[in-house]
Amino acid sequence: MTTETAARETIARETTARLMIGTDLAAAMVERAAARAKVLQETTGVQPCLATVLVGDDPASATYVRMKQNRSKKAGIGSRSIVLPAETTTEELVAELTKLSEDPEVHGILLQHPVPAQIDERAAFEAIAPGKDVDGVTMHSFAAMAFGEPGFRSCTPGGILRLLEAYDVPLAGAHTVVIGRSPILGKPAGMLLLASNATVTYTHSRTKDLAELVRQADIVVAAVGKPNFVRGSWLKPGAVVVDAGYNEGNVGDVHFEEAAQVASLVTPVPGGVGPMTIALLLEQTVDAAEAQTAARR
Ligand SMILES: Nc1nc2c(c(=O)[nH]1)N[C@@H](CN(C=O)c1ccc(C(=O)N[C@@H](CCC(=O)O)C(=O)O)cc1)CN2
């Protein structure tokens, strides 16, 4: 056994991470959003409305959309459900999103990711009116995130930032390694962290020596879509670990048991980042409804 391995094993036995739990924080966010939705309805007669667009029949995506609709309903937010066949073209999807963008009764639009391979997802996202982009997927929202300006946040990355703030994790100067560069997770997560003055290293499928880079991180954000991908041996002792994975069977991207032995703080799956994603979606739907109602008066 090398000295480094022995040292790691000692650390592993002696260190137990605290959990960064999203459930309660998310419940409080939803409660506040529900109270604001009620006030809007009582004072103006307008009920916030979220349109969800699901293309194809992926069971996991259908489950996430259902969760979003159910939680909207509980928060007093109306929902409009659009389900399109798997063979939908980019043009057909863009036409549907344009129609929703022009519908005054719809305040927020969510296009569930991923869409089938024949669709140009970027073109579809860009068909969402910036003022209704409550899922933070358009280039307009990306610019706001990159510059740290007010605007809609991509829901999982925005939820991650809220979680880090709630647990008093210092971001300025922290070396953050983001694993993954998807348009809904890794890419915007890095942008938000950079806007909070973290030092950000993006890593992805072509990155060399990934474990070595992760070992240098004060904060690790795993958003790669591979169950148990990040191992405890990759982590610097005391690192903060955010698991944004949502793999089949509620398994994260981080090997939780190993990470919990090395990290100082770690998000569980389930109960970590996931609930924050939906809470921020509802909060931003109410933001959008309030802004659109005020603009029409
Ligand atoms: N347009 C978007 N598409 C997708 C997004 C997104 O933010 N915008 N995120 C992911 C998955 N996702 C929402 O769509 C999502 C995944 C998991 C959860 C969640 O709360 N999970 C729970 C466990 C599940 C359960 O309670 O049964 C948890 O982690 O505690 C929320 C949202 C894909 N696409």
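Even glycines carry a Cβ here, placed using N, Cα and C.
Automated prediction, rather than curation, is the source of TrEMBL annotations.
Per TrEMBL, these features apply:
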BINDING   GLY180, ARG181, SER182  NADP(+) binding site
DOMAIN    22-135  domain 'Tetrahydrofolate dehydrogenase/cyclohydrolase catalytic'
DOMAIN    154-292  domain 'Tetrahydrofolate dehydrogenase/cyclohydrolase NAD(P)-binding'
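Note on ARG181 (NADP(+) binding site): other Cβ atoms within 10 Å of its Cβ, all shown chains, come to 19. Other than the site residues GLY180, ARG181, SER182, same-chain residues with C-beta atoms no more than 8 angstroms from the centre of those residues' C-beta atoms, the NADP(+) site, are VAL178, ILE179, PRO183, LEU185, GLY186, LYS187, HIS204, ALA223, VAL224. Cβ environment of GLY180 (NADP(+) binding site): GLY186, THR203, HIS204, ALA222, ALA223, VAL224, GLY225, ALA244, ASP253 lie under 8 Å away, each six or more residues apart in the same chain. DSSP places the residues of the domain 'Tetrahydrofolate dehydrogenase/cyclohydrolase NAD(P)-binding' (154-292) in helix, strand and coil in these numbers: 57 helix, 24 strand, 58 coil. Applying DSSP to the domain 'Tetrahydrofolate dehydrogenase/cyclohydrolase catalytic' (22-135) sorts its residues as follows: 60 helix, 18 strand, 36 coil.
Taking all protein chains in view, 18 other C-beta atoms sit within 10 angstroms of the C-beta of SER182 (NADP(+) binding site).
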